[in-house]
Amino acid sequence: MAQFEWVHAAWLALAIVLEIVANVFLKFSDGFRCKIFGLLSLAAVLAAFSALSQAVKGIDLSVAYALWGGFGIAATLAAGWILFGQRLNRKGWIGLVLLLAGMIMVKLA
């Protein structure tokens, strides 16, 4: 594995942002009834995976994927709350805390 460089972290951050954008577009697509948002969602997912592929050139795949997925879920939850008024119940919050704890454990391992 190549030595870590900040450019790889930037690629990972871009992948996370693109995943969030894809999820928001997917919600706006209303089950692909609004085709433009559905297509934008697919394009954002492809771009997110492309950015992730660049990130793993300098970050271990297990770490990059865990961070990408974890931050993507947490930020999508925030976007759902802000944009759509969606709320988590107690079990959802427990799951989010466990997810964040798992991300920390992977990073520290």
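Cβ coordinates come from backbone N, Cα and C, glycine included.
Swiss-Prot lists 6-26, 36-56, 64-84, 88-108 with the feature transmembrane segment.
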For the transmembrane segment (6-26) against the transmembrane segment (88-108), do we get 3 or more Cβ-Cβ pairs below 8 Å once near-sequence pairs (under 6 apart) are dropped?
no
How about long-range neighbours of the transmembrane segment (36-56): same chain, 6 or more residues beyond its ends, C-beta under 8 Å?
8-9, 11-12, 14-16, 18-19, 21-23, 25-26, 28-30, 64-65, 68
